[in-house]
Amino acid sequence: MGKGQDGKGVLSKNEYLFAGSVSGFVARAAVQPLDVLKIRFQLQMEPIKVSSTSKYQGLIQAIKCIVREEGAIAFWKGHVPAQMQAVAFTGVQFLSFEVISSWLREVDSILVSDKKILGLPLTYKPLGNFLCGCGAGTVAAVVTQPLDVLRTRFIAQGEPKTYSSISHAAVRIMTREGPRGFFRGLAPSLLLIAPQTGMQFAIYHTFNQMVDRIRDYLNPDVIEKSQGRDGYRPVGAFQSVIAGGLAGMGSKCIVYPLDMVKKRMQVRGFEEARVQFGQIPNRQGGLLRCLIEIRQIEGASAIFKGLRPTLLKSFVSISCRFTVYEQICRFLLYYNHS
């Protein structure tokens, strides 16, 4: 990220937060329409195929249906709370990752210098990046869960609208559901986001380290000259796009069923706005019951509804996040040392 493997060349916490927030803003703007399609697919109980009971039957058909019934602006439903959530989540996520990574390096250094026990085999290894990513994802998820609920509710509602504005939605949720309403789906969110974020960082860094090793092997002199100040080895934009895209798609495939359950739980208590979209799921039960009911009523394949737009969204979103973040960190490091 914004530092070398020796821990040097670090930025301030505010700079990490700024870089992460900007990357979140750019990524969210790029994938908002895909997010609307993904959530609509996830919330539909009927199969995503040609059927007399299915409102959305496929990607192209869904796009045409939404444009015809709600207008093209429907693809930007919930964009304001989504942007707020994305900026806050990504900023907190990258900041937390850098802070946890820094702490891990310090602990590793102390254990090595103590000579009584071996140093932690975690720093800048896949396991270390995974654990740091899990911690970063957990912190970011808890902080931004209320915004995620608002985002999902805005995208889920049809016409006429149940919520007219963010303030109206917040007041109505608080009045009808209490503070708990803002944290619906938190359990599956944590189970989803922690390992997903961990895998994203692990895959991203592992890919970049593999590329660096190949470059070192092929032409070590050139690689040595390309290093920045304090040992920081910059990651090119194209490399970040590929690494980030692979990280996004790989991690999402593994945890996707939990994302499906999370969305279903977040719209509980919001059934009146979804009558026109088809069947209404059971309001009762927790994570496991929700997962079992999806499988029993809709079939095992239903837990992967909306996977195709999700994978495309994940590739674009995560590649944007890492690429913009890396380039801003690279610029700030250059600016700080100029």
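Glycine residues also receive a Cβ, built from the backbone N, Cα and C atoms like all the rest.
Note that the structure is a prediction, hence the values are computed from the model and not measured.
Confidence for the repeat 'Solcar' (11-103), expressed as mean pLDDT, is 88. Summarising the annotation, TrEMBL assigns repeat 'Solcar' to 11-103 (among others).
Taken from TrEMBL, the feature repeat 'Solcar' applies to 124-210 (among others).
The feature repeat 'Solcar' is assigned by TrEMBL to 235-331 (among others).
Helix, strand and coil counts from DSSP across the repeat 'Solcar' (11-103) read 73 helix, 0 strand, 20 coil.
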